[in-house]
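See below for the structure under consideration.
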Amino acid sequence: MRVNEMEPQDTAFVPADSLPAAYAHQQQDTRKEWDTNELESIPTAGLFRQVAGRFMKHRLAVIGLVVTFLLLITGLLAPLLTPHSPYAVTTSFSAAPSGDHWLGTDQVGRDVLSRLIIAARVSLIVGFSTVGLYVLFGTLVGLISAYVGGWLDMIVMRVTDMFMAFPFLMVILVVVSALGASLKTIIVVLALFSWPAVARLVRSSVLSLKELDYIKAGRALGYSAPRIWFRHLLPNAIGPIIVNATFGIASAIMSEAGLSFLGMGVQPPTASWGNMLSDAQSLTVLTDQPWLWVPAGTMLLITVLAINFVGDGLRDALDPKS
Amino acid sequence: MTTEVVNQESAHNAHHALPIARLDNVRTYYPIRRGVFSRTAGYVRAVDGVTLNIYPGETLGLVGESGCGKSSIGRTLLRLEDVHEGRIWFEQEEITHFSERRMKPLRTQMQLIFQDPYASLNPRQRVGELLAEPLRAHRLSVNAEIAAEVDRLLELVGLPRSSKDRFPHEFSGGQRQRIGIARALSVQPKLIVCDEPVSALDVSIQAQILNLLQDLQKELGLTYLFIAHGLGAVKYISTRIAVMYLGQIVELGDKNRLFDSPRHPYTKLLLDANPVSHPRLRVREKVVLDGEAPNPASPPRGCRFHTRCPYAQAKCREQEPQLDGSIHAAACHYPLW
Amino acid sequence: MLFYLTRRLLISFPVLLGITVISFIIMKLAPGNPVDMLIDPNTPPELLDAKREMLGLNSSLPVQYWHWLKGLLHGQLGYSFSSYAPVAGMIGQRIGPTLLLALTALLTGLLTAIPLGIASAVRHNKAFDHTMTGLAFIGLSIPPFFLGLSLIYVFALKLHWLPTGGMSTLGRGGGFSDTLHHLILPATVLAIGIVGKKIRYIRASMLDVLSQEYLRTARAKGVKESMVVYKHALRNALLPILTVFGTEIPVLLGGSILVEQIFQWPGIGQLTMQSILSRDYPTLMALNLVAAIVVMTSNLITDILYSFADPRIQYR
């Protein structure tokens, strides 16, 4: 037993005797904590406006966005923009750039510029639909896995382990070659081996979010599980998903180009920047006909670079801490 | 103080009424996972055999040190935690094993106010949406009336109508707590579990929130289970008080009797631990609560408090005392009176 | 920690098994089979059938898988469908060049990215930092095959400084300097990808360390800025930086396929491409398995290193 006349150390306890008096003192103003006129009734800028504001300060990201936008327009209007038909074979094979064919012709005599323009479609379609597919799937899986927990979570995590242990490009090559290369296959296969990263990302943010009181409040208010998932968990986890998706578009475009370069992707006569570059595996093309491969490679670089800049800007804009 | 008189009267009436909610020998355990296969290596006995009646119109204060399981009692009552053993009743209906679907209508009857006003509001929702959502989820108002209902709720907790266009982060702690209270009130509950609603706030704001809670109780006929680790707030707002130690209730009685003459040594130590405002009152000798509470995963044998109790005897180490059935009950072999 | 390790290892077995099952199914999805690809179309059908029987292609899928798995448990990876050589031997032959290429690239990448990243952080928001950020983005955005082709074009075809491909000059037997000569271009391509990705990471973690309170204290008590950076900050930033290079190993494995193809480097990547084209299942199965083991091991090592680098992280 210890005798102590000093104030106790446990500050967690509020003084018992002193408080009621203090409370009574303030009895009259229970309802009003501040003057109502203090708050003007102008709605505050929503999250979107705040993020957009921060994004706009990021110079490279804005340039990236403009370039991406131009590429999208090019892709959409491609058939109207091509000076020649991208598939029409002419008699001038591997001709150097001229007034008629600004970027020359390829080995079977097709206009390189037209093929370059139409190939933007392939890249953008692959980029956006692959990411759309796997981000949707990965988000759902991660969300449900984390929210439900237990055995389901355990199994889902082992499955993602499995998919993530495959060396990416190698397994995609094998699968695409097994299933036969087509645009659809490429998209599905790229998505098949990309969703686990998103699922893990979403899972980890949901795991920390679901312990927060506002999720518990939702349960106490009897909200349905989908309402909690889509209205409370997802909006608070969306930032990293968007950033991941943006970088994902760039990497899907790069993967498709790699596959096509190796002859396992988009097959000629359909034009893709990757398969246009694959002509340069012959030394004569590489040495003497740079118009056949330099433009396609440059377009790929510009596209991927622009999208990566957008992703970087979004990351900074969505996470104001960094 | 007129409010106190009213509260005491209602407390007296309450004991003749049927309880609005009842916990019967409830145990809530959390598994401790360990080892290669995450097998369950033991349990944290957060709530370990608690029987408690809550009567309509009263404010039952629940106090104890952090980690004693008081918040778990509130969440168990609301069926937010799985019950290991025991039964839960709400308005003469046993809800222990109700599915989420069967619980849904009851979710409008019992609500929760949280400790941390920063974590309890979805940062992505404007206040108006935050308050309208429960109304939509339970179809409590037709769409045309929702805006008016939100205005009414804001007014009820003393916030200006313009608040509804703003995000939670634009408000102070006290204001956020008002939003949390408005959200709890939106479904027109009968019972509200207040889980340390003022302990994260400045002392001056605490008073405002406590007074607001009292006014709302009078106006709307609410019943509170008021959880706190500070005796001050509990003494101010409660009609009855339950003292908790290591997952069990050690003393339960009328507020004034419990404060004036505690029966359990732990209660006495808690009361003595509070600083006395007037210097002249400080002269009396105090027994000080030493050390930390034992690990709730392996509570001591016998009386759980014997490791820290200044009056512990041989019997206390052997036999577990039960809460005696009197109006001012204590779980102690050698109560102070 | 020991618990964590055993747990990870125990988990990795079913994961590996799952990988082999998935690989097996994928390969059997292919419409053609190796016998059709290999043999002269004029071969009589009976002979083809006998060939299929010999390769075990006539049994059901689970039986085929079971045979493969049994072989694996006896340490046998099977025989190549195209060359009839033991798969283990083929991989053994090819793994040396790939390791040489990958490790050279990793080391070069590390030794370039770390100083540049740190310099970027120290000159935060100055011209140097902005230039580095721009270069880093180009490095991670440039398709490796485009970069490879461009380097060949410039350094081999135009300047004639370096060979266009292969691992050694025909007839000169491939001494150390000859191999090094051939190694420069492919290793540079892989290294640039790594540098591009890691510069920004290193810069960010260095900036994080530089903003810590203890460094402010060091500055406040008059420690020279160079000492602050190189003694206090570097020590705390370096270990986490080193660990992230573990995550590059799987990437290198994938990247080596493209780079080996462009530079005719006789490694695992080329073997993969050849096996894909000839539908050589046993070789592909083995390659997948080896690659998966490499990926999982490097992930595990990264995690373990990380726990040393950051004692706050505890694995259970």
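Positions of Cβ are set from backbone N, Cα and C atoms, glycine also.
Predicted, not measured: the structure shown is a model, and the values here were computed from it.
What TrEMBL says about this protein:
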type	residues	note
DOMAIN	C:95-302	domain 'ABC transmembrane type-1'
TRANSMEM	C:9-30	transmembrane segment
TRANSMEM	C:99-122	transmembrane segment
TRANSMEM	C:134-159	transmembrane segment
TRANSMEM	C:179-196	transmembrane segment
TRANSMEM	C:237-263	transmembrane segment
TRANSMEM	C:283-306	transmembrane segment
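Ranking C:134-159, C:237-263, C:283-306 by CB pairs under 8 A with the transmembrane segment (C:9-30) puts C:283-306 at the top. Under the criterion of 3 or more C-beta pairs below 8 Å, with sequence separation of 6 or more, the transmembrane segment (C:134-159) and the transmembrane segment (C:283-306) do not qualify as touching, having fewer than 3 such pairs.
With pairs at least 6 apart in sequence, the transmembrane segment (C:283-306) and the transmembrane segment (C:99-122) have fewer than 3 Cβ pairs within the 8 Å limit; the two do not touch. Tertiary proximity for the transmembrane segment (C:179-196) is limited to same-chain residues at least six positions away from its ends with a CB under 8 Å from its CB atoms, namely 100-102, 104-106, 108-110, 112-113, 116, 135-142, 144, 147-148, 151-152, 155-156, 162-163, 165-169, 245, 248, 251-252, 255-256, 259-260, 262-263, 265.
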